[in-house]
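Q: Feature table excerpt (TrEMBL):
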- Asp37, Ala38, Thr39, Tyr40, Asp41, Ser86, Leu87, Glu116, Arg139, Glu176, Lys335, Lys359: NAD(+) binding site (BINDING)
- Lys118: active site, N6-AMP-lysine intermediate (ACT_SITE)
- Cys453, Cys456, Cys472, Cys478: Zn(2+) binding site (BINDING)
- 700-768: domain 'BRCT' (DOMAIN)
Amino acid sequence: MAEVTHEQAAAEVAELTDRINGAREAYYGANASLVDDATYDGWMHRLEELERLFPEFAKQDSPTQTVGAAEETGLDTIEHAERMLSLDNVFSLDELREWCAKAEELAGRKVRWLTELKIDGLAISLRYENGVLTSAATRGDGRVGEIVTENALKLGDIPERLSGTGHPALVEVRGEVFIPVAAFEKLNRLQEEFRRRYVAEKRAQHETRWGDKRVFDEEKAKGTAGRMFPAFANPRNAASGGLRQQLDKKKTALEREASVARIESLKLFVHGIGAWADPPVAAQSEVYELLESWGLPTSPYTQVFDSIDGVAGFVEKYGAERHSVLHELDGIVVKVDELALHDEMGATSRAPRWAIAFKYPPEEVQTKLLDIVVSVGRTGRATPFAVMEPAHVAGSVVRQATLHNQDVVKAKGVLIGDTVVLRKAGDVIPEVLGPVVEKRDGSEREFVMPERCPECGTPLAPAREGDIDLRCPNARSCPAQVRGRVEHVGSRGALDIEGLGEVGAAALTEGTDGQSALLSTEAGLFDVTIEDLFPIRVLVRDVETGEPRVRDDGSYDYRTPFQRRRKLTGRDADAPYDPGAETFAGDELAVPSKAAEELVAELEKAKTKDLWRMLVALNIRNVGPVAARALAGYFGSLDAIRAASVEQLAEVEGVGPIIAQSLTDWFAVDWHREIVERWAAAGVRFEIPGHPGPGAAQQEAGGVLAGLTVVATGSLEGFSRDGANEAIIAAGGKAASSVSKKTDYVAAGPGAGSKLAKAEELGIPILDAAQFAILVTEGPAGLGL
Ligand SMILES: NC(=O)c1ccc[n+]([C@@H]2O[C@H](COP(=O)([O-])OP(=O)(O)OC[C@H]3O[C@@H](n4cnc5c(N)ncnc54)[C@H](O)[C@@H]3O)[C@@H](O)[C@H]2O)c1
Ligand SMILES: [Zn+2]
């Protein structure tokens, strides 16, 4: 730590103490998080550090010496028979190993470890006297908690009377009340339903009272509904509020229903005991067995280890699998299993010395919502997204998150300038959960959906009446849509063109000042030459803001992605790019970059890719790879598809009326047909060579595999994955994706897995690639079957 003077430390301790106490009050009192947990933990950590360096500041009432906060919600309180403690934290595996080693040193021998998942809920103490529940209480400040017995009993997980035998005169069973992840999602859907019902109720009341004489103020009713039945931002605070809510009679029937639903979503896992003088067991893990036998729910994730390595393995395992756990994970709790050591090691005023909490890097952080910007995608959909101060979350830096549409912005209740809670879980797309309302200062402003497309200025409109999403109708030449479509052509599910990703597509379609875009639509894509690419300039943008970078002289900064500089040596035998220029040895010359050569070569290669890929690349609404494969396999050429009626298209298995209509609508547009014509003129192949023509494959007795079902699995030499299925269909057979009793043949190559095993189990004939090739050309007879 940097040198800190006594004076500076005094000020920092006072400041941290203030902040922590403020956050605690909100967290434990109002079930609200003023800062994210990682920040809070950071403050605590720093305070501990300062108090270690300057012991004179370590006051008895410091947050480092106390637990939770006294809760003042008007609920009755009870004094715990034994104090409820917190846990000390470590934030890395090294720190955890160090802590374990120290504990073994303290114990004077190897220790048996109990590892548990740290449940992100709220602590509860269940007081049983001779097996009967006398109270359920929150932790409070560790000495005195709030009584929540009535609500606790509604959980269903908390027995009023323990089963089994051997109940002590007094025991406080400690556990965690939480909302399972799945129940949390359901709860938020329910809240939405309650909001809807509230508005409907108000409307009905209004109509009874006023008829048509007054207009019903729907926006106002929606606002009230939002306050009464808000979307919950996180399961911990929803659980805490749920257990502590007061079901008084003043509430409306709807509010009571919502309260009960919230309580019913709560669950309990027990993880400790208090005030039990002489438990008849020797280990914490045995305590759990005993509690379980009394009908109390314990966590299924607990494990015992003989070594610190085992503990570290557990921590790593759940680091990778934290999203498969049924509840939110607040880290790992590592406990010494032997109870004798608990007494020996004791506790500080705040936490036991025989247990520690390991914290994973945070998945939820708070950050500033700088702006809400609207982007237009390839289909013209205008999507508002959040631009945030860069935040480190779940191991990556997040700056943006989609907000889907203007109604979602409203439902989330976020204002520009708000502090927001941002979540990114594992590989999941980052999401803005909601605002931290407590942190508003009045400078925040509401987001207004623009009326015009931010890229081309065309007025936005819903595609169909009643649609929430707004679109830019200028499909042909809106730069955002062209860019999106060109990127889509290059994407993996379409023509899979290396170099035609987001950056490549932007380079081809973005005009910079003084230079118009190379492509104004995708029609010219396959005409692109190295000479076209060579002069392209791309604006250099700031990574943080996305704004174009300006040079010192005030001009924009450009990149030329399709050029590189080459120094000429001697008499350059290779003709340099610009043959007209006089060049000398030692001159630097701009020549086409590798990227330019590669892109042109890739485009050339793409021209003869599978027909279904061409179909996907055309950006026809609703036509994705699955429908495209079905269409390609059935019709064999784009001309045949274009000539087919809606009815004929819809008859194809896997197509249906909606896709059929999309296709017909698409071909009805002039500039769409122009794309096909120009691509074809550039050499794009829109057919499957040798295909027998529309429907041939599906005609009865039309092929050597008529009436037969074949499954192709693994890599079959001479066939691509789709190629194998197309060959089956072309031969009049049915290409199935799973093996069943109805399967006639299974063609299996290297990499075949469970399908092969299933075929063996069912005794279905298994063919290799060579036999499969015979099967699809000559039928079973060719194999002597
Ligand atoms: N964001 C905020 O403003 C804010 C404010 C206060 C606290 N917090 C967060 O709340 C926590 C505060 O710590 P704390 O003092 O409540 O203690 P803690 O959560 O760090 O540890 C103690 C608690 O862990 C719980 N727990 C869960 N699973 C357990 C298990 N398997 N075994 C034993 N105990 C288990 C127990 O209820 C116990 O009371 C931290 O995660 C902190 O980030 C956040
Ligand atoms: Zn537009």
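The backbone N, Cα and C atoms fix where each Cβ goes, glycine too.
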Q: Out of Lys118, Cys453, Cys472, Cys478, which of these recorded positions is nearest Arg139 (NAD(+) binding site) by C-alpha distance?
A: Lys118
Q: Reduce the DSSP letter at Cys472 (Zn(2+) binding site) to three states and note it down.
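A: Reduced to three states, the DSSP call for Cys472 (Zn(2+) binding site) is coil.
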Q: The record names Asp37, Ala38, Thr39, Tyr40, Asp41, Ser86, Leu87, Glu116, Arg139, Glu176, Lys335, Lys359 as the residues that bind NAD(+); what is their largest Cα to Cα distance in Å?
A: 25
Q: Tell me which residues of the chain lie with their Cβ under 8 angstroms from that of Lys118 (active site, N6-AMP-lysine intermediate), as long as they are six or more apart in sequence?
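A: Within the chain, Lys118 (active site, N6-AMP-lysine intermediate) has Cβ neighbours under 8 Å at Leu87, Leu329, Asp330, Gly331, Ile332, Val333, Ala357, Phe358.
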Q: Given Cys456, Cys472, Cys478 as the binding-site residues, which ones have a Cβ positioned under 6 Å from some atom of ligand 1?
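A: List returned for ligand 1: none.
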Q: For the Zn(2+) site (Cys453, Cys456, Cys472, Cys478), what does the 8 A shell look like? I mean other same-chain residues with CB within 8 A of the CB centroid.
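A: Other same-chain residues near the Zn(2+) site: Val376, Gly380, Arg452, Pro454, Glu455, Gly457, Thr458, Leu460, Pro473, Asn474, Pro479, Ala480, Gln481.
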Q: What number of additional C-beta atoms lies within 10 angstroms of the C-beta atom of Cys478 (Zn(2+) binding site)?
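A: Result for Cys478 (Zn(2+) binding site): 21 neighbouring Cβ atoms inside 10 Å.
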Q: Under 6 Å from ligand 2 by C-beta, which of these recorded positions make it: Asp37, Lys118, Cys472, Cys478? Sequence order, please.
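A: By the Cβ criterion, which requires under 6 Å to ligand 2, the hits are Cys472, Cys478.
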Q: What three-state class does DSSP give Lys335 (NAD(+) binding site)?
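A: Where Lys335 (NAD(+) binding site) sits, the three-state DSSP reduction gives strand.
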Q: When DSSP states are folded down to helix, strand and coil, where does Lys118 (active site, N6-AMP-lysine intermediate) land?
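A: Assignment for Lys118 (active site, N6-AMP-lysine intermediate) reads strand.
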Q: If I restrict to non-local contacts, at least six residues apart, and a C-beta distance under 8 angstroms, what lies near Asp41 (NAD(+) binding site) in its own chain?
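A: Listed in sequence order, they are Asn89, Phe91, Lys359.
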Q: Around the C-beta of Asp37 (NAD(+) binding site), how many further C-beta atoms are within 10 angstroms, looking at every protein chain?
A: 21
Q: What average pLDDT is reported by the model for the domain 'BRCT' (700-768)?
A: 83
Q: Suppose we draw a 10 Å sphere around the Cβ of Thr39 (NAD(+) binding site). How many other Cβ atoms does it contain, all chains included?
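A: Taking all protein chains shown, Thr39 (NAD(+) binding site) has 16 Cβ neighbours within 10 Å.
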Q: Please give me the binding-site residues out of Cys453, Cys456, Cys472, Cys478 that lie within 10 Å of Lys335 (NAD(+) binding site), comparing Cα atoms only.
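A: Matched binding-site residues: none.
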